[in-house]
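These come from TrEMBL:
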- 21-40: transmembrane segment (TRANSMEM)
- 52-74: transmembrane segment (TRANSMEM)
- 106-137: transmembrane segment (TRANSMEM)
- 143-164: transmembrane segment (TRANSMEM)
- 176-196: transmembrane segment (TRANSMEM)
- 216-236: transmembrane segment (TRANSMEM)
- 257-286: transmembrane segment (TRANSMEM)
- 306-331: transmembrane segment (TRANSMEM)
- 375-393: transmembrane segment (TRANSMEM)
- 399-417: transmembrane segment (TRANSMEM)
- 437-457: transmembrane segment (TRANSMEM)
- 469-490: transmembrane segment (TRANSMEM)
Amino acid sequence: LTDEPQQIEHFNYKQELNRKLTLPSILGLSFSVMSIPLGISTTMYTGLIDGGAVTIFYGWIIVFLMSLCVAMSLGEMSGKYPSAGGIYHWSYIFANSKYNLITSFYCGWLLLIGNWTMCVSNLFSGAQFILSIFGIIDTTYHPHSLVTLFVFFLLVLICAIINLKFSKHLDRINKVCIYWTIYTVLIIDILLMIFSPRFNDLKSIFTSFDSSRSGWPAPIAFIIGFQQGAYTFQGFNLIPSMSDEVKAPEKNITKGMIYSVIIAGLTGIIFIIPLLTILPELALLLDEESNILPIEVIFKISSNSLIVTLLFVILICGTIIIGGIGVFTVASRSVYSLSRDNGIPFSKFWNQVSINNNENDEEGDGDYSIIPKNGIYLTTIILIASGIFSLFSTSAFNAFMGSAINCLTVSNILPILSSILNKRVKLKGSYFRLRSLGYMINVLSVFWSFFLLIVLSCPPRIPVNFITMNYTSLIFVLTLMFISLLYVVYGKNHFHGPLVDGN
């Protein structure tokens, strides 16, 4: 925090949504979007291939600290300009006046596409994780793509219905997420330590490195292993889209972003160390039972009990549902915010809000919620259409999902880099200031984000073929081309950027 006089900027938008959410709720929402147990579980293959224990543990620490730098950099902006537009509004404010409109438009669409694809990625990974339960029982089981798609559709509909019909309970759901995630990690850790027949020594946990299966030189394999943490530490930059529904957003959005990254980092460490302590030999995880995720092989071997393994999977499935609800919520708010600035074709339709009345609200106690219903409908349509795409090409679909991180990463770069070039002048008076550390942390954030774009474009193992190649960078270039075309035919004549008091 800062002792200098605060000068919080306000925006000229009609307050349409309920401003009810508090810090615990927004912290839980940010935490749920990152979904630590699911993120670590579904991406562990990359860490195991590219070095094993050393890559997983130290890679997590590095990604955690650098993500915290990014969160603090964005927190300064949120503390001065609390807006549902979030990152794309800040890009407009900090960029040179000659380029602020196009910069903001690109940033807004990168944020929105990244939001949608992250939602698809989380729920599709969740569907695959749920179906791999049958692989634990029968190692010859391999789910048909249509079955995976059906489970994905089911998860999408559950998240959509809860956001549409039970939105007044989102505050409670967000708070439950914190407890569910932490207790999930603790229960899994404790039971694994109790049931595991073998334990690795400290030297194996903190110094064991084997990247022979990756084909990469050891240093490069270690760096590529950052992908595991990078795929997990995403989503905190989406939280500002909830600013219209949070009390004192300049304080609570800022704290929510920063605190959630800290809690996620520590929770991940608590989850990872016991897993590495009982980690079976890599040959058992990577060379056998390919139809099962490595994490479920770990559960199966270490617990030596089908019932305990299923308990672990059920606990993580709970984080899938809660995390899916959270990322669905912020995606619909991103649609609402961008359409409010005429950034989406047919904006007047997408930014409409609806009141969900509660039948028990006869006494006028305010037990109702206002939601961007059409934004939720659009998000549902986009997610279902994206899921159908998985039937045509698995590698292209995976690249499409991977490009979500690239979109979110570049959307982080734009406002932070613009602020640096602007000499951080417009941050004066923010609720949260980095002061003398500001330039260093901002530069580290930008460097890390550019570095991450390179890391995410590399395949976890080589040599590659047409199927195993990482097409993330190609999909990202196509995304930029789509946004460019959209700006030419629509954006430059309709999009107007944020409406700040005094503009």
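A Cβ is built for glycine as well, from the same backbone N, Cα and C atoms used for every other residue.
Note that this is a predicted model, so its numbers are computed, not measured.
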Considering the transmembrane segment (21-40), which listed stretch of 106-137, 176-196, 306-331, 375-393 counts the most C-beta pairs under 8 Å: 306-331
Top partner of the transmembrane segment (437-457) among 52-74, 257-286, 306-331 - counted as Cβ pairs under 8 Å: 52-74
Residue numbers, six or more beyond the limits of the transmembrane segment (52-74), whose CB comes under 8 Å of its CB atoms: 44, 87, 90, 200, 204-211, 221-222, 225-226, 228-230, 232-233, 236-237, 240, 257-258, 260-262, 264-265, 268-269, 272-273, 276, 279, 282, 412, 415-416, 419, 432, 434, 441-442, 444-445, 448-449
Other parts of the chain folded back onto the transmembrane segment (176-196), taken as Cβ under 8 Å at six or more residues beyond its ends: 24, 27-29, 31-32, 35-37, 263, 267, 270-271, 274-275, 277-278, 299, 302-305, 308, 311-312, 315-316, 318-319, 322-323, 326
Cβ contacts under 8 Å made by the transmembrane segment (399-417) with residues that lie 6+ beyond its boundaries: 70, 73-74, 77, 87-88, 90-91, 93-95, 103, 106-107, 110-111, 113-118, 120-121, 124, 230-231, 234-235, 237-238, 386, 389, 442, 445-446, 449-450, 452-453, 456-457, 470-476, 479
Same-chain residues near the transmembrane segment (216-236), Cβ under 8 Å, at least 6 residues beyond its ends: 30, 33-36, 39-40, 43-44, 46-47, 49-51, 54-56, 58-60, 62-64, 67, 71, 74, 118, 209, 257, 260-261, 264-265, 268, 327, 330, 404-405, 408, 452, 455-456, 458, 460-462
